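Residues or ranges marked as region 'Disordered' by TrEMBL: 1-22. According to TrEMBL, the domain 'CoA carboxyltransferase N-terminal' annotation covers 41-298. The feature Zn(2+) binding site is assigned by TrEMBL to CYS45, CYS48, CYS64, CYS67. The zinc finger annotation in TrEMBL covers 45-67.
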Amino acid sequence: MNQEVKPGKILSTPTPWTERSVPGIEVPDEQQALKATFTEPTIECPECHALVTRTAMSFNAYVCPQCDEHLRMKARERLTWFLDQVTAELGQEFTAKDPLHFVDSRPYPERMREAQDKTGESEALIVMQGTLKNLPLVACAFEFDFMGGSMGTVVGDRFVQAAERAIAQRQPLICFAASGGARMQEGMLSLMQMARTSAAIQRLKDAGLPYVVVLTHPVYGGVTASLAMLGDVHIAEPKAMIGFAGKRVIEQTVREKLEEPFQRAEYLLDHGVVDQIVHRHALRDTVYRIVAKLMNLP
Ligand SMILES: [Zn+2]
């Protein structure tokens, strides 16, 4: 008997062949498969909002594979990525004190503990000695997540020690800067670090050793006014914000609207503040070439 078919009515939906079970092959539990997907931590690109797994990001040196945005690298990860081999970590013996017993909305030691828990670091500057393409050198990097990479006495101590080690062993010094400036909780003592670090850099230069600065997003305040602008060569990462006072403060002072790319690396390159902008993937080669040239290496 013929069944009457009304237009638009679907009689039955057959299972597509891709979903039919094959004897001998076990289909994984759907929930299990979903769990496996979500256990891999992902990072969202702030520029294009692509979700990239942490592993993929790490392999790509935290450059977004989709839009080439340079994401912030943690100081420790940055140095272990930059150096082929780490032979020593310097300055771990320096720990911050609270000489002013400073309290803003919270006491300074409490803020320090919070920063240490958050980052797993004891201070905002990490110094390592190691090799880059078999060239021994001293490299330091600011941890921006540690109180905005602010420069207090310990950052100064560690930087001076890095410079002294470089002089003693006749090695170049590389600095990856990322900072909001001086650490106001240490008052005048933090401002003194500008002079201390500048003097250490001068001793390095007197010894005829190269000092290369890599400006990473962002570099401001007392760090810009001292160690970050005293390099023999200043390299910046693409789109890094670099300045002394922040854009908003300048806008309020000069009563003018400052449009993009004000204070960006590209703008500073056009105005002679930065020597070159280097993609992170080319950074190791570029720094090596510069240092080898400055040290008259073959
Ligand atoms: Zn992206």
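Using the three backbone atoms N, Cα and C, a Cβ is placed for every residue, glycine included.
Nobody curates TrEMBL annotations by hand; they come from automatic prediction.
Recorded features from TrEMBL, shown on the structure.
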{"residue": "CYS45", "record": "Zn(2+) binding site", "Cβ neighbours (10 Å)": "18"}
{"residue": "CYS48", "record": "Zn(2+) binding site", "Cβ neighbours (10 Å)": "12"}
{"residue": "CYS64", "record": "Zn(2+) binding site", "Cβ neighbours (10 Å)": "20"}
{"residue": "CYS67", "record": "Zn(2+) binding site", "Cβ neighbours (10 Å)": "12"}
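Broken down with DSSP, the zinc finger (45-67) shows 6 helix, 4 strand, 13 coil.
The average pLDDT computed over the zinc finger (45-67) stands at 94.
Listed in chain order, the extra residues whose Cβ falls within 8 Å of the Cβ center of the Zn(2+) site residues CYS45, CYS48, CYS64, CYS67 are PRO46, GLU47, HIS49, ALA50, VAL52, PRO65, GLN66, ASP68, GLU69.
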